[in-house]
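The active site annotation in TrEMBL covers His472, Ser474, His614, Ser616. Per TrEMBL, compositional bias 'Gly residues' is recorded for 307-320. Residues or ranges marked as domain 'ZU5' in TrEMBL: 350-482, 483-615. Sequence annotations record features per position, and here TrEMBL assigns domain 'Death' to 840-925. Here TrEMBL flags 294-331, 936-962 as region 'Disordered'.
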Amino acid sequence: MAAAVEGPELEAAAAAGDASEDADAGSRARPFLGGNRLSLDLYPGGCQRLLHLCVQQPLQLLQVEFLRLSTHEDPQLLEATLAQLPQSLSCLRSLVLKGGQHRDTLGACLRGALTTLPAGLSGLAHLAHLDLSFNSLETLPACVLRMRDLGALLLSHNCLSELPEALGALPALTFLAVTHNRLQTLPPALGALSTLQRLDLSQNLLDTLPPEIGGLGSLLELNLASNRLQSLPASLAGLRSLRLLVLHSNLLASVPAGLARLPLLTRLDLRDNQLRDLPPELLDAPFVRLQGNPLGEASPDVPSSPGGLGAKGGRPGKGRGSPHCPDHTSVPSTVAALIPEMPRLFLTSDLDSFPVTPRGCSVTLACGVRLQFPAGATATPITIRYRLLLPEPGLVPLGPHDALLSHVLELQPHGVAFRQDVGLWLLFTPPRARRCREVVVRTRNDNSWGDLETHLEEEAPQRLWAHCQAPHFSWFLVVSRPVSNACLVPPEGTLLCSSGHPGVKVIFPPGATEEPRRVSMQVVRMAGRELQALLGEPEAAVSPLLCLSQSGPPSFLRPVTVQLPLPSGITGLSLDRSRLHLLYWAPPAVTWDDITAQVVLELTHLYARFQVTHFSWSVPPSFLSPPPPVCTAPLTPSPPRYWLWYTTKNCVGGLARKAWERLRLHRVNLIALQRRRDPEQVLLQCLPRNKVDAALRRLLERYRGPEPSDTVEMFEGEEFFAAFERGIDVDADRPDCVEGRICFVFYSHLKNVKEVYVTTTLDREAQAVRGQVSFYRGTVPVQVPEEAEAARQRKGADALWMATLPIKLPRLRSSEEPRRRAGLSLAPLNLGDAETGFLTQSNLLSVAGRLGPDWPTVALHLGVSYRELQRIRHEFRDDLDGQIRHMLFSWAERQAGQPGAVGLLVQALEQSDRQDVAEEVRAVLELGCRKYQDGIRRTGLAPKDPALPGSSAPQPPEPAQA
């Protein structure tokens, strides 16, 4: 690359490709120059715009300290542009030359064209921050090694295979990121970086570390995740300033015991390695994370194939090597020379797809899901995409007694049949009740849902995996259901028993069927105390509730015998037969029928037997133990049920309906707490009654508020709403906000919690605002009968009301309001453009409230200099929220009116592994566009056919708030 381009050559380069533009193109470039920042990375033709400015030399150009330029440019034009920087921008302190703004057809970020830098860039005497991420660098440019004031160097997502020894001569370097490259070794001179505080070398091919790394005396954070490290040098114990050490997804078989004696270490991440033993000091340390290691297991006599299953019956391999470079896999051992090694990938949150070849691979997704594609699973290379979706009633099929234990995983392309089943491991929340219940993976095939044969694997008491074999890709979720027992009934007859309740049996005599048919049963138990409290009768008792389903013709050719245990505490020798009732219910009936007089009840000392000729019309999958690997029958209608009651009450059918409803209801409490340091931030949560006290003890350190609501009852999958009242409103239009109400969906094992910002139109300077938040019922799952829903609700106008809790916004002091406005006000603020959407001040407040300790990483990806970060930390050293808000709002003020600012924010969040916040921002933008489209349709401004060439372009959508 040439050292410089001057005079007529510069003018010619500036004019290249610009002959069709107007003569005043140079003057039109100046609006992009504002203050001391020049951001041209999101504009087409950024290099030409900068060259125009260099030719004209406006006074503002000499004041530029921060420059962002895309490397998706013509290489020659990019070369000419960079050569001018030392002469034209001599005060430059931060230079961002990144690719990644463009994506391929699958959505993956593309690398820029930059392969080296002109030698003259070393003349940027004030440069402290250099970002060369997402480029095609194979070696580190020599000019970088001569930048003596460089404090932050970002080289992620390149093709570097080594770092030069001269890197250790950068005296001011405090931050070095070389993630997602091809590094196999590190230079010993790296240990000479005495000022280095953060070093990120994750997602490379490192198998060893030089002992000199222990010389990094100022190092605070070291990330070596997703490499090939098999051991660590003992010198790591000399990093006395180290606070964070990340080593997950390597091949470590041992770690130095001296790591336990690092005085400032707060987190040591050793997940997903090969550790079978660990020094006692580390094994008991609270800051060590060890999930995914075969601790305590004996070493295998013959090493298994790296692509095979782990020692725990199917734990897939960890990622080692970049997903962008799948050809780089672990160095094969002597055994692997005979057994070909399977590639292993560990995806970060900025990746939503990965390639699979006929060779197979093991993949760990950022959300914790693991997949294993055996060799030959696919005949041709294929790209797999994934999404982790929040559960909602339309997407989560649940039976009457099922409980959801996970979010919904979508794997694409849908319906692709693999030549061999793909191993799938899903993390799930441990169910609170395990007796007579089982955990299964539920999936969708064509237009129906079914349950896969599932095995559970436990890495830790609270870290459980549901493992299944997926024959195709679709939606997957983990459910807890009553244990299901099934059998294939042949013409010769058979016996079906319940594994959870041995006294429950169904006897099929010979000749009951001509063709084999599948029959299944589920048994649900009701606590005697609940029944006695419901009936007000101390001697009342019931048997387990029996659910029966079958495939094939509705009737049997010969009577089938059903056996139920007598209600608890009742024996056949002492019972009063007039108090014994056999109840039956089947859809679409509304009530339970007493069929005692219609059957012959044969009583023994412990059991009651009766005969039936039919009991079902369909086979819902939540009530079947499916034939491997999957059952694909629809979830509805519900199967019939049999229930034996012992009571003195009349109208037993109505009582049975109430008892059955009680089995499906969860008792919960609602809480509304305000953050102590920011009362406008309100936490809303729905908690099971037995978890309220523990949750409040944890939350009341940061929140305060009223006592929880009285106990209310909710169905699994039921919608409910929170509405702020009496002068208090939600401070934003959120994707989950409908007509001013915050929407929830209750799932008993998932976190039903949201944090919202509230505001008021009342004068808080005069007095405090005393408002309230009320909770109202929404729609219930379709499987819940209308009678069950109506019986639980109140009568009258407030039938849907559940609880009301007080909310108080304190009075503002006269000196407080100006300070708040000075620190947070951006009005009028519409951050963004018509193409990518707009964000408002409330949106940014919501984003700021979610970043937490990750804010410095987000700031660096936004282009904030490392020195500015240090200044913000010092200025707000006792206020984390103040640090985050000041950084984000200062950046927003500089970006106001600039196209692509919102896209830059989303990209920075994704690159900082905050995909959750990025998805929320996208949802807000989508909501704003939808509201805008609805608005123009209501006003009649929408074109009849937007595809017509004469249709006018829409105006920018109104800002959506989150």
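Even glycines carry a Cβ here, placed using N, Cα and C.
Here the features listed in TrEMBL are painted onto the structure.
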{"residue": "His472", "record": "active site", "Cβ contacts under 8 Å, 6 or more apart": "His414, Gly415, Val416, Ala417, Phe418, Asn445"}
{"residue": "Ser474", "record": "active site", "Cβ contacts under 8 Å, 6 or more apart": "Glu410, Leu411, His414, Gly415, Thr443, Arg444, Asn445"}
{"residue": "His614", "record": "active site", "Cβ contacts under 8 Å, 6 or more apart": "Pro554, Ser555, Phe556"}
Check your understanding: So how many of the residues in the domain 'Death' (840-925) end up helix, strand or coil by DSSP?
Key -> 69 helix, 0 strand, 17 coil
Study note, to complete from the structure: Confidence over the domain 'ZU5' (350-482), expressed as mean pLDDT on the 0 to 100 scale, is 86
**Study point:** Secondary structure composition of the domain 'ZU5' (483-615) [DSSP: H/G/I, E/B, coil]
**Key:** 14 helix, 59 strand, 60 coil
Exercise for review: By DSSP assignment, list the helix, strand and coil residue numbers for the domain 'ZU5' (350-482), in that order.
Suggested key: 0 helix, 70 strand, 63 coil
